[in-house]
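Going by TrEMBL, these are the annotated features:
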type     : residues : note
TRANSMEM : 6-25     : transmembrane segment
DOMAIN   : 15-139   : domain 'Cation/H+ exchanger transmembrane'
TRANSMEM : 32-50    : transmembrane segment
TRANSMEM : 56-75    : transmembrane segment
TRANSMEM : 87-109   : transmembrane segment
TRANSMEM : 115-135  : transmembrane segment
Amino acid sequence: MEGADLLMAGTLFLFAAVVAVPLAARLGIGAVLGYLLAGIAIGPWGLGFISDVDEILHFSELGVVFLMFIIGLELNPSRLWQLRRSIFGVGAAQVLLSAAVLAGLLMLADFLWQAAIVGGIGLAMSSTAMALQLMREKRNEP
């Protein structure tokens, strides 16, 4: 993707986010779902403004790097150590249970068992991240 196209795509992403996130907040569904709705709207299965998703992959990788950096800035190692049993016990159980249920649903939808397991794990991980963000947003509401 050329520089001008990348700049245009970035501008489109920002515009979609500026429109979708306040709309999602007004509907009470949270910013994370607003970002997802914005992506669906401008993507190849929505309005089709972004048709070649592979070209935008570098953009998304940069976003993940920034997200990990921000998490590292906010992470308190001593608090993490205090919560290690809860994080690795209850957290792992939640992810495994969610992955098993989602994999089962995918197998019922005629996915191969291998694809269902990978899909279940992926969906469980992303659903956990979304749930945490939604809970954080609800705590900060007036």
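Note: Cβ is positioned from N, Cα and C throughout, glycine not excepted.
Any TrEMBL annotation is an automated prediction that lacks curation.
Away from its own ends, the transmembrane segment (32-50) comes close to residues 9, 12-13, 16-17, 19-25, 56, 130, 133-134, 137 of its chain (Cβ-Cβ under 8 Å, at least six residues beyond either end). The domain 'Cation/H+ exchanger transmembrane' (15-139): residue composition by secondary structure is 105 helix, 0 strand, 20 coil, according to DSSP.
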